[in-house]
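Here's what TrEMBL has on this protein:
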- 6-28: transmembrane segment (TRANSMEM)
- 40-62: transmembrane segment (TRANSMEM)
- 90-111: transmembrane segment (TRANSMEM)
- 123-148: transmembrane segment (TRANSMEM)
- 208-241: transmembrane segment (TRANSMEM)
- 257-311: coiled coil (COILED)
- 333-356: transmembrane segment (TRANSMEM)
- 376-403: transmembrane segment (TRANSMEM)
- 423-448: transmembrane segment (TRANSMEM)
- 476-495: transmembrane segment (TRANSMEM)
Amino acid sequence: MGDFNVALVIVAAVVSVLVLLVSVYLLINYQHPDDANQAYFPKLVVILGITVAVLSILMLPADVANRQACRRAIYSGACSLTLPMKTLWLAVYIADAVLVFLIIPFAIFYYEGDQDKSVGKRLTSALLWVTVSAVVCGLILGILYGLVGKVDFTVRHLSSAVETFPNSFTSFTSGQPCISTSPRLCSSYTAPANSQTTWTMRATFPEYVVALATIAGSVLFTIFGGVGIASLPLGLIFSFVRRPKAVITRSQYIKEATELGKKARELKKAAEALHQEERSGNKGRKWRKNVKALGKELVLLEDDMKALEEMYPQGEQAEATWAMTVLGYIGKLLFGVIGLIVSIAWVAHIVIYLLINPPLSSFLNEIFIKLDGVWGLLGTAAFAFFCFYLLIAVIAGEMMLGLKLVFITIHPMKWGGTLMNSFLFNVGLILLCSISVIQFCATAFAYYAQATAAQEIFGHTLQSLRGIKYLYKYNVFQYGFVALAILTLFYYAIFGWRKRKPSGRFQISN
(Lines of atoms letter the chains of each structure in order from A and count residues from 1; the text may use other names and numbers.)
(Lines give C-alpha, C1' and ligand atoms only; values in the text may rest on other atoms or scores of the structure.)
Protein backbone atom coordinates (compact mmCIF):
# COMPACT_ATOMS: atom_id res chain seq x y z
CA MET A 1 0.00 0.00 0.00
CA GLY A 2 2.86 2.36 0.79
CA ASP A 3 4.36 1.72 -2.67
CA PHE A 4 1.05 2.75 -4.23
CA ASN A 5 1.09 6.00 -2.26
CA VAL A 6 4.63 6.78 -3.38
CA ALA A 7 3.56 6.13 -6.98
CA LEU A 8 0.69 8.58 -6.54
CA VAL A 9 3.10 11.28 -5.37
CA ILE A 10 5.37 10.61 -8.36
CA VAL A 11 2.43 10.78 -10.79
CA ALA A 12 1.31 14.07 -9.25
CA ALA A 13 4.79 15.54 -9.70
CA VAL A 14 5.05 14.35 -13.32
CA VAL A 15 1.58 15.67 -14.19
CA SER A 16 2.46 19.07 -12.68
CA VAL A 17 5.54 19.32 -14.91
CA LEU A 18 3.50 18.28 -17.99
CA VAL A 19 0.83 20.88 -17.22
CA LEU A 20 3.54 23.55 -16.97
CA LEU A 21 4.95 22.53 -20.37
CA VAL A 22 1.46 22.58 -21.93
CA SER A 23 0.90 26.07 -20.52
CA VAL A 24 4.11 27.28 -22.18
CA TYR A 25 3.07 25.61 -25.44
CA LEU A 26 -0.34 27.34 -25.41
CA LEU A 27 1.25 30.71 -24.73
CA ILE A 28 3.76 30.37 -27.56
CA ASN A 29 1.16 29.31 -30.12
CA TYR A 30 -1.67 31.66 -29.11
CA GLN A 31 0.32 34.87 -28.55
CA HIS A 32 0.08 37.74 -31.01
CA PRO A 33 3.19 38.46 -33.12
CA ASP A 34 3.32 41.97 -31.60
CA ASP A 35 3.99 40.40 -28.18
CA ALA A 36 6.64 37.97 -29.43
CA ASN A 37 9.65 39.58 -27.72
CA GLN A 38 8.04 41.69 -25.02
CA ALA A 39 5.48 41.65 -22.19
CA TYR A 40 7.46 39.00 -20.31
CA PHE A 41 5.79 39.62 -16.96
CA PRO A 42 2.22 39.17 -18.35
CA LYS A 43 3.44 36.00 -20.08
CA LEU A 44 4.78 34.64 -16.79
CA VAL A 45 1.41 35.40 -15.16
CA VAL A 46 -0.43 33.64 -18.00
CA ILE A 47 1.72 30.51 -17.66
CA LEU A 48 1.26 30.48 -13.88
CA GLY A 49 -2.49 31.08 -14.19
CA ILE A 50 -3.07 28.31 -16.74
CA THR A 51 -1.00 25.91 -14.65
CA VAL A 52 -2.92 26.67 -11.45
CA ALA A 53 -6.29 26.44 -13.24
CA VAL A 54 -5.56 23.06 -14.85
CA LEU A 55 -4.04 21.62 -11.67
CA SER A 56 -7.06 22.77 -9.65
CA ILE A 57 -9.35 20.82 -12.00
CA LEU A 58 -7.09 17.75 -11.85
CA MET A 59 -6.90 17.88 -8.06
CA LEU A 60 -10.44 16.57 -7.56
CA PRO A 61 -9.73 13.30 -9.44
CA ALA A 62 -6.40 13.18 -7.60
CA ASP A 63 -8.27 13.62 -4.33
CA VAL A 64 -10.44 10.62 -5.18
CA ALA A 65 -7.38 8.53 -6.10
CA ASN A 66 -5.67 9.69 -2.91
CA ARG A 67 -8.64 8.48 -0.87
CA GLN A 68 -8.57 5.11 -2.61
CA ALA A 69 -4.83 4.72 -1.92
CA CYS A 70 -5.39 3.76 1.71
CA ARG A 71 -9.04 2.72 1.66
CA ARG A 72 -8.13 -0.93 2.17
CA ALA A 73 -5.15 -0.33 4.40
CA ILE A 74 -4.34 -3.06 6.91
CA TYR A 75 -2.14 -1.06 9.27
CA SER A 76 -2.75 2.44 10.63
CA GLY A 77 0.35 4.04 9.08
CA ALA A 78 -0.54 3.11 5.52
CA CYS A 79 -1.91 6.59 4.78
CA SER A 80 1.17 8.48 6.03
CA LEU A 81 2.57 8.80 2.49
CA THR A 82 -0.63 10.03 0.81
CA LEU A 83 -0.88 13.58 -0.45
CA PRO A 84 -1.96 16.24 2.11
CA MET A 85 -4.96 17.15 -0.03
CA LYS A 86 -6.64 19.62 2.34
CA THR A 87 -3.46 21.67 2.61
CA LEU A 88 -2.98 21.47 -1.16
CA TRP A 89 -6.58 22.55 -1.80
CA LEU A 90 -6.22 25.63 0.39
CA ALA A 91 -2.80 26.49 -1.09
CA VAL A 92 -4.04 26.21 -4.69
CA TYR A 93 -7.18 28.25 -4.06
CA ILE A 94 -5.42 30.94 -2.07
CA ALA A 95 -3.00 31.19 -5.01
CA ASP A 96 -6.05 31.28 -7.30
CA ALA A 97 -7.57 34.19 -5.37
CA VAL A 98 -4.27 36.12 -5.29
CA LEU A 99 -3.87 35.69 -9.05
CA VAL A 100 -7.46 36.72 -9.85
CA PHE A 101 -7.74 39.72 -7.55
CA LEU A 102 -4.16 41.02 -7.39
CA ILE A 103 -1.58 39.75 -9.88
CA ILE A 104 -3.70 39.50 -13.05
CA PRO A 105 -5.30 42.97 -12.58
CA PHE A 106 -1.79 44.40 -12.02
CA ALA A 107 -0.53 42.74 -15.21
CA ILE A 108 -3.52 44.04 -17.21
CA PHE A 109 -3.15 47.60 -15.86
CA TYR A 110 0.55 47.52 -16.70
CA TYR A 111 0.06 46.04 -20.18
CA GLU A 112 -2.73 48.44 -21.13
CA GLY A 113 -0.98 51.48 -19.68
CA ASP A 114 -0.15 54.46 -21.86
CA GLN A 115 2.78 53.39 -24.04
CA ASP A 116 4.04 56.97 -24.11
CA LYS A 117 4.76 56.83 -20.38
CA SER A 118 7.95 55.40 -18.94
CA VAL A 119 8.09 51.91 -17.48
CA GLY A 120 8.36 53.36 -13.98
CA LYS A 121 5.20 55.44 -14.37
CA ARG A 122 3.27 52.49 -15.81
CA LEU A 123 4.39 50.30 -12.90
CA THR A 124 3.44 53.00 -10.40
CA SER A 125 0.02 53.49 -11.97
CA ALA A 126 -0.71 49.76 -12.07
CA LEU A 127 0.53 49.29 -8.50
CA LEU A 128 -1.64 52.17 -7.30
CA TRP A 129 -4.79 50.72 -8.83
CA VAL A 130 -4.07 47.24 -7.48
CA THR A 131 -3.20 48.58 -4.02
CA VAL A 132 -6.47 50.46 -3.78
CA SER A 133 -8.37 47.37 -4.93
CA ALA A 134 -6.47 45.16 -2.45
CA VAL A 135 -7.15 47.50 0.46
CA VAL A 136 -10.86 47.65 -0.36
CA CYS A 137 -11.08 43.88 -0.80
CA GLY A 138 -9.07 43.29 2.37
CA LEU A 139 -11.34 45.55 4.42
CA ILE A 140 -14.45 43.87 3.06
CA LEU A 141 -13.02 40.40 3.73
CA GLY A 142 -11.87 41.34 7.24
CA ILE A 143 -15.21 42.88 8.20
CA LEU A 144 -17.23 39.99 6.80
CA TYR A 145 -14.96 37.43 8.45
CA GLY A 146 -15.22 39.20 11.81
CA LEU A 147 -19.01 39.51 11.64
CA VAL A 148 -20.25 36.37 9.89
CA GLY A 149 -17.17 34.19 9.35
CA LYS A 150 -18.70 31.30 11.26
CA VAL A 151 -19.96 27.85 10.37
CA ASP A 152 -23.34 26.68 11.67
CA PHE A 153 -23.65 22.89 11.73
CA THR A 154 -27.03 21.34 12.51
CA VAL A 155 -26.54 18.54 15.06
CA ARG A 156 -28.81 16.37 17.20
CA HIS A 157 -28.16 16.05 20.92
CA LEU A 158 -28.33 12.39 21.94
CA SER A 159 -27.88 10.92 25.40
CA SER A 160 -28.43 7.60 27.11
CA ALA A 161 -27.71 5.94 30.43
CA VAL A 162 -25.41 2.93 30.83
CA GLU A 163 -26.78 -0.61 30.82
CA THR A 164 -25.10 -3.96 31.31
CA PHE A 165 -24.10 -5.57 28.03
CA PRO A 166 -26.51 -8.50 27.30
CA ASN A 167 -25.46 -12.10 26.80
CA SER A 168 -28.17 -12.74 24.23
CA PHE A 169 -29.52 -10.60 21.40
CA THR A 170 -32.66 -12.59 20.63
CA SER A 171 -34.86 -10.03 22.37
CA PHE A 172 -34.02 -7.27 19.92
CA THR A 173 -36.76 -6.52 17.37
CA SER A 174 -37.91 -3.55 15.31
CA GLY A 175 -40.30 -2.72 18.12
CA GLN A 176 -37.65 -3.15 20.82
CA PRO A 177 -34.30 -1.99 19.36
CA CYS A 178 -32.68 -0.99 22.66
CA ILE A 179 -31.07 -2.89 25.49
CA SER A 180 -33.55 -1.78 28.12
CA THR A 181 -37.30 -1.30 27.96
CA SER A 182 -36.93 1.98 29.81
CA PRO A 183 -37.62 4.95 27.47
CA ARG A 184 -34.83 6.83 29.18
CA LEU A 185 -32.29 4.23 28.12
CA CYS A 186 -33.54 4.36 24.53
CA SER A 187 -33.42 8.13 24.11
CA SER A 188 -30.53 7.98 21.62
CA TYR A 189 -32.68 5.93 19.25
CA THR A 190 -36.01 7.70 19.78
CA ALA A 191 -34.72 11.27 20.01
CA PRO A 192 -37.44 13.79 19.08
CA ALA A 193 -37.07 16.39 16.35
CA ASN A 194 -36.67 19.19 18.89
CA SER A 195 -33.39 17.60 20.00
CA GLN A 196 -31.72 19.24 16.99
CA THR A 197 -29.48 22.17 17.79
CA THR A 198 -26.88 24.34 16.07
CA TRP A 199 -23.17 23.87 16.65
CA THR A 200 -21.28 27.05 15.77
CA MET A 201 -17.56 27.33 15.14
CA ARG A 202 -15.40 29.91 13.40
CA ALA A 203 -14.09 29.02 9.95
CA THR A 204 -10.43 29.48 9.18
CA PHE A 205 -9.61 32.63 7.23
CA PRO A 206 -8.22 30.74 4.18
CA GLU A 207 -11.42 28.68 4.00
CA TYR A 208 -13.48 31.88 4.20
CA VAL A 209 -11.49 33.49 1.37
CA VAL A 210 -12.05 30.37 -0.76
CA ALA A 211 -15.77 30.49 0.10
CA LEU A 212 -16.24 34.12 -0.97
CA ALA A 213 -14.18 33.56 -4.13
CA THR A 214 -16.43 30.58 -4.84
CA ILE A 215 -19.54 32.73 -4.49
CA ALA A 216 -18.13 35.34 -6.89
CA GLY A 217 -17.19 32.61 -9.34
CA SER A 218 -20.53 30.83 -8.91
CA VAL A 219 -22.43 33.86 -10.19
CA LEU A 220 -20.32 33.91 -13.37
CA PHE A 221 -20.38 30.12 -13.55
CA THR A 222 -24.18 30.02 -13.37
CA ILE A 223 -24.55 32.59 -16.17
CA PHE A 224 -21.74 31.53 -18.51
CA GLY A 225 -21.90 27.82 -17.67
CA GLY A 226 -25.67 27.62 -18.09
CA VAL A 227 -25.45 29.30 -21.49
CA GLY A 228 -22.30 27.45 -22.51
CA ILE A 229 -23.48 23.94 -21.64
CA ALA A 230 -26.05 24.34 -24.45
CA SER A 231 -24.25 26.74 -26.82
CA LEU A 232 -21.00 24.73 -26.93
CA PRO A 233 -22.39 21.59 -28.64
CA LEU A 234 -25.24 23.33 -30.47
CA GLY A 235 -22.86 25.99 -31.80
CA LEU A 236 -20.68 23.28 -33.33
CA ILE A 237 -23.68 21.45 -34.81
CA PHE A 238 -25.26 24.57 -36.31
CA SER A 239 -21.86 25.65 -37.61
CA PHE A 240 -21.97 22.46 -39.67
CA VAL A 241 -25.53 23.24 -40.75
CA ARG A 242 -24.50 26.76 -41.90
CA ARG A 243 -21.29 25.57 -43.56
CA PRO A 244 -20.44 26.64 -47.12
CA LYS A 245 -21.84 23.96 -49.40
CA ALA A 246 -19.62 24.73 -52.41
CA VAL A 247 -16.80 26.98 -53.60
CA ILE A 248 -18.00 30.40 -54.85
CA THR A 249 -16.96 31.93 -58.18
CA ARG A 250 -14.21 34.52 -58.55
CA SER A 251 -16.72 37.30 -59.32
CA GLN A 252 -18.64 36.51 -56.13
CA TYR A 253 -15.41 36.53 -54.17
CA ILE A 254 -14.42 39.96 -55.54
CA LYS A 255 -17.86 41.37 -54.70
CA GLU A 256 -17.81 40.07 -51.13
CA ALA A 257 -14.18 41.09 -50.58
CA THR A 258 -14.99 44.63 -51.78
CA GLU A 259 -17.81 44.92 -49.23
CA LEU A 260 -15.56 43.68 -46.46
CA GLY A 261 -12.89 46.16 -47.53
CA LYS A 262 -15.40 49.02 -47.23
CA LYS A 263 -16.41 47.90 -43.77
CA ALA A 264 -12.77 47.56 -42.74
CA ARG A 265 -12.10 51.16 -43.78
CA GLU A 266 -15.14 52.33 -41.80
CA LEU A 267 -13.92 50.51 -38.73
CA LYS A 268 -10.46 52.01 -39.16
CA LYS A 269 -11.95 55.52 -39.25
CA ALA A 270 -14.01 54.72 -36.17
CA ALA A 271 -10.92 53.46 -34.35
CA GLU A 272 -9.00 56.61 -35.26
CA ALA A 273 -11.87 58.76 -34.00
CA LEU A 274 -11.98 56.87 -30.70
CA HIS A 275 -8.20 57.16 -30.34
CA GLN A 276 -8.47 60.91 -30.89
CA GLU A 277 -11.17 61.12 -28.20
CA GLU A 278 -8.91 59.19 -25.84
CA ARG A 279 -6.02 61.60 -26.39
CA SER A 280 -8.32 64.57 -25.72
CA GLY A 281 -9.35 63.02 -22.40
CA ASN A 282 -12.95 62.38 -23.44
CA LYS A 283 -13.24 58.84 -22.01
CA GLY A 284 -16.77 58.79 -20.67
CA ARG A 285 -19.43 56.11 -20.64
CA LYS A 286 -20.31 56.60 -24.32
CA TRP A 287 -16.65 56.28 -25.29
CA ARG A 288 -16.30 52.97 -23.43
CA LYS A 289 -19.55 51.74 -25.01
CA ASN A 290 -18.24 52.59 -28.48
CA VAL A 291 -14.92 50.86 -27.79
CA LYS A 292 -16.74 47.65 -26.87
CA ALA A 293 -19.06 47.96 -29.88
CA LEU A 294 -16.03 48.47 -32.12
CA GLY A 295 -14.37 45.39 -30.66
CA LYS A 296 -17.52 43.39 -31.41
CA GLU A 297 -17.57 44.58 -35.01
CA LEU A 298 -13.89 43.72 -35.45
CA VAL A 299 -14.49 40.17 -34.22
CA LEU A 300 -17.43 39.76 -36.61
CA LEU A 301 -15.40 41.22 -39.49
CA GLU A 302 -12.62 38.72 -38.89
CA ASP A 303 -15.18 35.91 -38.85
CA ASP A 304 -16.56 37.13 -42.18
CA MET A 305 -13.07 37.25 -43.67
CA LYS A 306 -12.37 33.71 -42.50
CA ALA A 307 -15.69 32.48 -43.94
CA LEU A 308 -14.91 34.16 -47.27
CA GLU A 309 -11.49 32.51 -47.41
CA GLU A 310 -13.13 29.15 -46.74
CA MET A 311 -15.59 29.59 -49.61
CA TYR A 312 -12.87 30.62 -52.07
CA PRO A 313 -9.58 28.81 -51.29
CA GLN A 314 -6.60 30.13 -53.21
CA GLY A 315 -3.09 29.01 -54.06
CA GLU A 316 -1.61 25.85 -55.49
CA GLN A 317 -3.18 23.68 -52.79
CA ALA A 318 -6.70 25.08 -53.21
CA GLU A 319 -8.34 21.68 -53.58
CA ALA A 320 -6.54 20.28 -50.55
CA THR A 321 -7.51 23.37 -48.55
CA TRP A 322 -11.18 22.90 -49.46
CA ALA A 323 -10.97 19.21 -48.51
CA MET A 324 -9.55 20.15 -45.08
CA THR A 325 -12.35 22.70 -44.66
CA VAL A 326 -14.96 20.02 -45.33
CA LEU A 327 -13.26 17.63 -42.89
CA GLY A 328 -13.11 20.42 -40.31
CA TYR A 329 -16.88 20.92 -40.45
CA ILE A 330 -17.43 17.16 -40.21
CA GLY A 331 -15.22 17.19 -37.12
CA LYS A 332 -17.34 20.00 -35.65
CA LEU A 333 -20.46 17.91 -36.22
CA LEU A 334 -18.86 14.89 -34.56
CA PHE A 335 -17.64 16.82 -31.52
CA GLY A 336 -20.95 18.67 -31.39
CA VAL A 337 -22.91 15.43 -31.18
CA ILE A 338 -20.57 14.06 -28.49
CA GLY A 339 -20.76 17.34 -26.61
CA LEU A 340 -24.56 17.34 -26.85
CA ILE A 341 -24.67 13.90 -25.24
CA VAL A 342 -22.36 15.09 -22.43
CA SER A 343 -24.42 18.27 -21.94
CA ILE A 344 -27.68 16.31 -21.74
CA ALA A 345 -26.05 13.95 -19.24
CA TRP A 346 -24.91 16.92 -17.15
CA VAL A 347 -28.33 18.60 -17.07
CA ALA A 348 -30.11 15.30 -16.43
CA HIS A 349 -27.72 14.52 -13.58
CA ILE A 350 -28.30 17.94 -11.98
CA VAL A 351 -32.07 17.49 -12.12
CA ILE A 352 -32.09 13.85 -10.99
CA TYR A 353 -29.42 14.04 -8.29
CA LEU A 354 -29.45 17.65 -7.03
CA LEU A 355 -32.84 19.26 -7.64
CA ILE A 356 -35.11 16.34 -6.75
CA ASN A 357 -35.20 15.48 -3.05
CA PRO A 358 -34.65 12.65 -2.38
CA PRO A 359 -32.59 11.96 -5.53
CA LEU A 360 -34.13 9.60 -8.05
CA SER A 361 -30.72 8.08 -8.76
CA SER A 362 -27.02 8.78 -8.25
CA PHE A 363 -26.73 8.45 -12.09
CA LEU A 364 -23.21 9.56 -13.12
CA ASN A 365 -21.81 8.64 -9.71
CA GLU A 366 -22.78 5.03 -10.32
CA ILE A 367 -21.32 5.16 -13.84
CA PHE A 368 -17.95 6.38 -12.54
CA ILE A 369 -17.90 3.69 -9.84
CA LYS A 370 -18.66 0.96 -12.41
CA LEU A 371 -15.94 2.32 -14.72
CA ASP A 372 -13.48 2.12 -11.81
CA GLY A 373 -14.47 -1.52 -11.49
CA VAL A 374 -13.49 -2.10 -15.13
CA TRP A 375 -10.12 -0.37 -14.73
CA GLY A 376 -8.78 1.47 -11.70
CA LEU A 377 -8.45 4.93 -13.28
CA LEU A 378 -11.16 4.75 -15.95
CA GLY A 379 -13.84 6.22 -13.71
CA THR A 380 -11.42 8.88 -12.46
CA ALA A 381 -10.56 9.81 -16.06
CA ALA A 382 -14.27 10.08 -16.96
CA PHE A 383 -14.81 12.16 -13.84
CA ALA A 384 -11.99 14.54 -14.86
CA PHE A 385 -13.43 14.80 -18.39
CA PHE A 386 -16.82 15.92 -17.11
CA CYS A 387 -15.17 18.56 -14.91
CA PHE A 388 -13.05 19.86 -17.81
CA TYR A 389 -16.08 19.92 -20.10
CA LEU A 390 -17.90 22.13 -17.62
CA LEU A 391 -15.01 24.60 -17.56
CA ILE A 392 -14.87 24.71 -21.38
CA ALA A 393 -18.63 25.36 -21.40
CA VAL A 394 -18.04 28.42 -19.20
CA ILE A 395 -15.62 29.87 -21.76
CA ALA A 396 -18.04 29.09 -24.61
CA GLY A 397 -20.85 30.85 -22.75
CA GLU A 398 -18.71 33.93 -22.12
CA MET A 399 -17.79 34.18 -25.80
CA MET A 400 -21.42 33.81 -26.90
CA LEU A 401 -22.73 36.46 -24.52
CA GLY A 402 -19.82 38.74 -25.38
CA LEU A 403 -20.89 38.72 -29.02
CA LYS A 404 -24.58 39.23 -28.21
CA LEU A 405 -24.33 41.86 -25.46
CA VAL A 406 -22.33 45.05 -25.98
CA PHE A 407 -21.75 45.69 -22.25
CA ILE A 408 -19.58 42.55 -21.95
CA THR A 409 -16.00 43.12 -23.10
CA ILE A 410 -14.92 40.65 -25.78
CA HIS A 411 -11.51 39.01 -25.43
CA PRO A 412 -11.36 36.34 -28.16
CA MET A 413 -8.67 33.65 -28.04
CA LYS A 414 -7.18 33.07 -31.49
CA TRP A 415 -4.37 30.81 -32.59
CA GLY A 416 -1.39 33.05 -33.28
CA GLY A 417 -3.34 36.28 -32.69
CA THR A 418 -4.12 36.73 -28.98
CA LEU A 419 -2.86 39.85 -27.25
CA MET A 420 -1.69 39.57 -23.66
CA ASN A 421 -4.59 41.58 -22.21
CA SER A 422 -7.06 39.12 -23.78
CA PHE A 423 -4.91 36.23 -22.57
CA LEU A 424 -4.86 37.61 -19.03
CA PHE A 425 -8.61 38.29 -19.02
CA ASN A 426 -9.49 34.76 -20.13
CA VAL A 427 -7.02 33.17 -17.71
CA GLY A 428 -8.55 35.23 -14.90
CA LEU A 429 -12.02 34.09 -15.93
CA ILE A 430 -10.89 30.46 -16.01
CA LEU A 431 -9.28 30.77 -12.58
CA LEU A 432 -12.31 32.42 -11.02
CA CYS A 433 -14.74 29.92 -12.49
CA SER A 434 -12.50 26.91 -11.80
CA ILE A 435 -13.18 27.27 -8.07
CA SER A 436 -16.92 27.12 -8.71
CA VAL A 437 -16.54 24.26 -11.18
CA ILE A 438 -14.73 22.19 -8.54
CA GLN A 439 -17.30 23.07 -5.87
CA PHE A 440 -20.12 22.25 -8.29
CA CYS A 441 -18.53 18.92 -9.23
CA ALA A 442 -17.87 18.08 -5.58
CA THR A 443 -21.58 18.61 -4.91
CA ALA A 444 -22.88 16.94 -8.06
CA PHE A 445 -20.64 13.90 -7.56
CA ALA A 446 -20.80 13.83 -3.78
CA TYR A 447 -21.41 10.06 -3.76
CA TYR A 448 -18.36 9.32 -5.91
CA ALA A 449 -16.11 11.91 -4.18
CA GLN A 450 -17.22 11.11 -0.63
CA ALA A 451 -14.68 11.14 2.21
CA THR A 452 -12.29 13.36 0.22
CA ALA A 453 -10.66 16.59 1.39
CA ALA A 454 -12.62 18.48 -1.28
CA GLN A 455 -15.84 17.11 0.13
CA GLU A 456 -14.84 18.35 3.58
CA ILE A 457 -14.14 21.87 2.31
CA PHE A 458 -16.81 22.28 -0.35
CA GLY A 459 -19.42 19.81 0.86
CA HIS A 460 -19.56 20.71 4.54
CA THR A 461 -17.77 23.92 5.53
CA LEU A 462 -18.78 26.01 2.51
CA GLN A 463 -22.42 24.93 2.57
CA SER A 464 -22.68 25.69 6.30
CA LEU A 465 -21.16 29.19 6.31
CA ARG A 466 -23.41 31.76 7.89
CA GLY A 467 -25.21 33.89 5.30
CA ILE A 468 -23.94 31.80 2.37
CA LYS A 469 -25.46 28.44 3.18
CA TYR A 470 -28.93 29.45 1.97
CA LEU A 471 -27.66 29.80 -1.61
CA TYR A 472 -26.75 26.11 -1.48
CA LYS A 473 -29.63 25.01 0.72
CA TYR A 474 -32.16 26.14 -1.88
CA ASN A 475 -30.00 25.18 -4.90
CA VAL A 476 -30.01 28.72 -6.30
CA PHE A 477 -27.06 28.16 -8.63
CA GLN A 478 -28.30 24.79 -9.87
CA TYR A 479 -31.74 26.17 -10.73
CA GLY A 480 -30.19 29.14 -12.50
CA PHE A 481 -27.81 26.86 -14.41
CA VAL A 482 -30.60 24.59 -15.68
CA ALA A 483 -32.92 27.52 -16.50
CA LEU A 484 -30.28 29.27 -18.63
CA ALA A 485 -29.42 26.00 -20.37
CA ILE A 486 -33.09 25.53 -21.35
CA LEU A 487 -33.41 29.15 -22.53
CA THR A 488 -30.27 28.80 -24.65
CA LEU A 489 -31.68 25.58 -26.13
CA PHE A 490 -34.84 27.42 -27.19
CA TYR A 491 -32.75 30.26 -28.61
CA TYR A 492 -30.79 27.88 -30.84
CA ALA A 493 -33.95 26.03 -31.83
CA ILE A 494 -35.46 29.30 -33.10
CA PHE A 495 -32.43 31.24 -34.40
CA GLY A 496 -29.51 28.81 -34.51
CA TRP A 497 -30.09 27.49 -38.01
CA ARG A 498 -30.12 30.97 -39.58
CA LYS A 499 -27.05 32.52 -41.10
CA ARG A 500 -25.90 35.72 -39.44
CA LYS A 501 -26.94 38.80 -41.39
CA PRO A 502 -24.63 41.81 -41.84
CA SER A 503 -24.84 44.07 -38.82
CA GLY A 504 -24.75 47.24 -40.87
CA ARG A 505 -22.29 50.11 -40.85
CA PHE A 506 -20.65 50.98 -37.55
CA GLN A 507 -21.77 54.35 -36.22
CA ILE A 508 -20.07 56.49 -33.61
CA SER A 509 -22.76 57.77 -31.25
CA ASN A 510 -22.54 61.35 -30.15
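The chain as shown is numbered from 1 upward.
Positions of Cβ are set from backbone N, Cα and C atoms, glycine also.
No curator has checked TrEMBL annotations; they are predicted automatically.
By the Cβ criterion (under 8 Å, sequence separation of 6 or more), the transmembrane segment (208-241) is in contact with the transmembrane segment (90-111), since 3+ such pairs are found. Taking Cβ pairs closer than 8 Å, the transmembrane segment (376-403) reaches residues 53, 57-58, 60-61, 64-65, 220-221, 223-229, 231-232, 235, 296, 299-300, 339, 342-343, 345-346, 364, 367-370, 409-412, 426, 429-430, 433-434, 437-438, 440-441, 445, 448-449 in its own chain, all 6 or more past its ends. Within the same chain, the transmembrane segment (333-356) packs against the transmembrane segment (476-495): three or more Cβ pairs sit under 8 Å, each pair at least 6 residues apart. Model confidence over the coiled coil (257-311) stands at 80, taken as the mean pLDDT rounded to a whole number.
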